[in-house]
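**Q** Pulled from TrEMBL, these are the listed features:
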type     : residues  : note
TRANSMEM : B:12-32   : transmembrane segment
TRANSMEM : B:44-64   : transmembrane segment
TRANSMEM : B:84-109  : transmembrane segment
TRANSMEM : B:121-137 : transmembrane segment
TRANSMEM : B:144-166 : transmembrane segment
TRANSMEM : B:193-211 : transmembrane segment
TRANSMEM : B:223-243 : transmembrane segment
TRANSMEM : B:271-292 : transmembrane segment
TRANSMEM : B:304-323 : transmembrane segment
TRANSMEM : B:335-355 : transmembrane segment
Amino acid sequence: MEEREQQVIDQIKDKVQEIDDVVIKEMVTDVGDATIIYFSSLIEKMTLQSMVFIPLANHVNQIFQVSEALELDDVDLILQKLDAGQTLLFFHKTAQLRVIDTYSAPTRSITNTETESTVIGPQDAFTESLETNISLVKRRIQNPMLKNETRTVGTETNIKISILYIDNIVNKENLDTLRERINQIQFPFFTDISELKQLIEDNPLSPFPQHYMSVRPDSVSQYLIDGRIVIFMDNSQAAIVCPTSFFEMFVSVEDYYNRWTTASLLRMLRFFGFFLTIMITPMYISALTFHPEVLPYELLLNLQESRSKVPFPPLIEVLFIELIIEVLREAGSRMPAKVGQTIGIVGGIVIGTAAVEAGLLSNILIVLVATSALLSFLPPIFLLSNTSRFIRYIFILSAGLFGLYGLMLAFAWLFAHLLRLNSLGTPYMSPVVPRNASDLFDSIIRFPTKYLKTKKGISRAQKK
Amino acid sequence: MSTGKSKKKLLNAYHVVFLAQSVMIGTGILSLPQQLSSLGYSQALMPLIFGVIASVTLYPMIWINSKFPNDNLFRINEILLGKWLGKCINLFFVIQFLVFIAGIISNYMHLIQSTALQEQTITGPVFCFLLLLIYIVSGGIKSIARFCIMTFFLTIGFLYFTHWAFEKGDMSHFLPLFNFFSVNDFYEALKRGYLSVLGYELVMFYFPYIVDQKKAFRHSLIGIWISILLCFITTAISVMYYSEWQLEYVEFSVLNLFKAGEFSFIERIDIFGITLWVFLILSTVAAYLWCAKKGVETLVSKKSNVYLYILVAIIFFVVKMPSSREFQDKLFTSANYVGYMLILWPVLLMMVYVLRKKKQVQV
Amino acid sequence: MSRKLLYVTLCIQLFVLAACTEKEIKVPLEDVGMVGIIAFDYIDKDSMKLTVAIPQYSPEAQRSTQTFSVTTELVSNGIVEIEKLSDKKIVFNQLRVVLFNEEFARQGNIRKVLQHLYRNAEVGNKVLIAIVKEKGEEMLKYNYPDKPNINFYLNDLLQPSINTAFNPNTNIHDFMYTISNPVFDPTIPFIDKNSDKIEIKGIAVFKGNQMIELITPNEALIIQAIQGKKNLAPLDINMEQGHGKEKLLIDLVENDVHIESNKNMHSPKLTIALTIKGTLSEYKGARENDLFTIESLADLEKDVNKELEQDIKKFLDKLNEWQVDPSGLSEYFRMYHRGKWTTEKKREIISKVAIDVQVKTSIISTGTLK
């Protein structure tokens, strides 16, 4: 035994001393003594048996075939391997360090999604395991051109991420930009991929999500085929798709499974619903405070009557009820499911009717607020629904300030902002000026499926 | 080096078309029928004449720019007229732009004040408007161009709301064609009305950013004629709907055209019209402000966003100037007339260019 | 970086300013009295009585409408006076109807009052105008037993409907258009209180700014027909064309009109060709039992044509005698006249014009019953 090897082993042993789940075993094999080191929490007993102990006892050669040799110089690297769930084997006689990938941490099985559920179409969703997720995609795209690059991010935790793309379709410029952005990240640790997303987005300050996020393998595969780039992260369920456009936030993968007429109708509903949800209550404020002339006489008299007991100006009235709705929503999502239902009933019926009867709110406003709260859940991407919640307050305040003029200013701001956004260098609002004429076939109106073969302009796919 | 160059060329064909188009449509079109009222019913065809004039004057602009494909008018001034004279002229242009912008904003804000926001001061609205303006302009010419495209598609729907007036109007008002006799009336209408088609001259400033410079003339021309068509529709429907007295005394005839109709749930479309008009004002003013900022940058030969804030502060001051409305009006109209000078300016530059070329040949 | 700053300042601005405006006098909707009807009654050359009706929403109030009257010389002054009487802020942005009494229409200056409203940006252009026989004030203050709200009642009454197609539905824009256009004279519906009901009695014809005559609905319908209204009110025809006294009603009338002038200012001549299609819904007279064949219907059509031609001609001659032109016939001369057209030219043309009327009636069906 040489001294240096022994030193390294001692050093490793020293470093793992205070980790309780470390297992250090000495074994006698055909090729002399061996020391085995692994973390029991990351490796299942069965895997260990079949991959390490049985071969070690019976056919040591098999071990040499499946394991890889490791240089002894880099202690940090060795420790990293241990952390990743690999088993270290040190053969004393030959002073050889070998490592076998035995990572087999328990994962949950594939279940169906709750956040992006559809009626038609495959029901499986990604899980928190990187391997499972990649496998779910690879099953759908059986094409040797599908590449996945694995790298680690997080300066202190070493989380694995995987970049998936189809080599002969993806735009190389986009890919390089993305790689560079990921390389530049200096962030200690990630618990979910959405944190990574916020770091690599073009404008991290914007309230709008500039990359698509999904937990549905079918939707992700569809984007891959279109030439987008997909990022997975170990331990997080969702995948990032980029580049994407504002319009795609309103596209659900179910649109492609439905008949084209239904799909078009639903898309229109979602798209205009987004604008309605941020405009309804501000309209109420501006009509009541600044422009009563825009409303019909009869409706106005009704409004006068229902507001006659309300002590606040419309702006405060609206802010009040909007905040109550936010509270209800937040309370509902934090509570256990069974209690949550009760809260819905208490909030919706009791507070609503009681507030009207107590003369705190006008009943027309209750109708409007309830509608706009429902409308805000229409976008299939939950992040966009949250965005609309936030933006609505900007609209409410500007309407309270300058009525319809303020509303239009806010509207102009919204468009100016959306027009300035980029997603991985491509304009976020691309369908405004479609980059390809064929993009129009799959916009607010989804054309029959046979027209949807072409790639979207926004992915700037390679020409064949 | 090559990447730097490709980054400078930002504007594709759509951008050029709609920049020319949207910048032309500002507050002018709102009162166009009134500005042309000295011609009575014969004004209907006036916008078409404007279109011809605009097309003719566009040519020297593109010509002079194509001789200097990488420089805007401010630089060309300095090159052709010498550094000092050029700088003086440029300063003059920048000031003209600022007053012009202030004129548009003040005009619009007073309109807002008298229709949508009664009994309110305009300080707040102007302030918020300018904040938004900074936001749009700081995105650069491409962001302005995109905003112009958006504006066009958002506001074009308002054409539909003129159909009530069209149905109610009387086609016979068009006859007899060209029913005016004094050249003075025509000149008056030209002088006051041409203002509403100003805006295409800005092509001289964003020309260096155009990708396909050879086709810039054609694309700008398309934009100009879209606007001219809209102006024509406006004057034509106004002529059909109003009497000659109304044409003369109703200041914002377009708004009154919107007043002609109603829906069962929305009664006053003109309020929506005038507030949505803020998009058109923003697109016009943003382009002018961008040019003014470029001008300042050429003057001091340094690039910085600080100038933008300074310029906006000046505009705010001019709009809120503690002087009488009368003086402001005079200032703004004179700025408009100076605007006409800018249209003829490239002709002068053309001559200077040709003279210089000849001299060089002789030497 | 500057963008970040801009966001923050924008948000702060919005908050601060939104808070500030609350301090500005912004009257909330429930404290606003929205005038629905305004009535002007003539007192003498300088002063008038101004009455406004404001709907009342409070369920405790005995009446659903508040009315206020003041005597004033200027319109805006009168409104200030009314503000003093009212507990609410008076606004005009929901004004629906403007009433003038007959005396005002004949002697006062309607144009001045309406021009004041026309200029006011608060007031829409679709405010309807009507002339009241006696007093507008009385009409607004009267308690109509089966109509709870005079505001809606009058507005609905004056709205266009097929059975009152003779009504020109004059609104502010129409009035300003016709009075300022030298080829027109304005017409305004004329209403009167008839016990507990309000009725459209006819149409007031103006000569310039003054009302000169009241014409019947049937005559007013002719104006509408000549102006090219597509769907007309049921035509009620009494004729005597060789078959004794006959009475018939043509329903669902579609109208098409062609007018041609001889473009001659000195001996003006107009040809008016009306094409009328309709359903014969009722007939009373000698031919009652033989209207089943096409020939007999064609006969009837001919007689109707003759009768209508006579009626229209008679009516137009009357108008020409008065030198008024409510249907804008002089437009057909202005179109071909180079130079400025004036009101004097209109009067001249109208007094000289020779009118040739041709009516072509076709009865498409005789209703559902044979």
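Cβ atoms are placed via backbone N, Cα and C, with glycine included.
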**Q** To the transmembrane segment (B:271-292), which of B:12-32, B:44-64, B:121-137, B:144-166, B:223-243 is linked by the most Cβ pairs under 8 Å?
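**A** Most contacts with the transmembrane segment (B:271-292): B:144-166.
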**Q** Quick one: do the transmembrane segment (B:193-211) and the transmembrane segment (B:84-109) reach 3+ CB pairs under 8 Å, ignoring pairs fewer than 6 apart in sequence?
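**A** The transmembrane segment (B:84-109) and the transmembrane segment (B:193-211): touching, no.
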**Q** Ranking B:12-32, B:44-64, B:84-109, B:144-166, B:223-243 by the number of C-beta pairs under 8 Å to the transmembrane segment (B:304-323), which range is first?
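**A** Stretch with the highest Cβ contact count: B:84-109.
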**Q** Would you say the transmembrane segment (B:223-243) and the transmembrane segment (B:44-64) are in contact under the rule of three or more C-beta pairs closer than 8 Å, pairs 6 or more apart in sequence?
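**A** Counting Cβ pairs under 8 Å, at least 3, so yes.
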**Q** Taking the transmembrane segment (B:121-137) as reference, which of B:84-109, B:144-166, B:223-243 has the most Cβ pairs under 8 angstroms?
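**A** Answer, by Cβ pair count: B:84-109.
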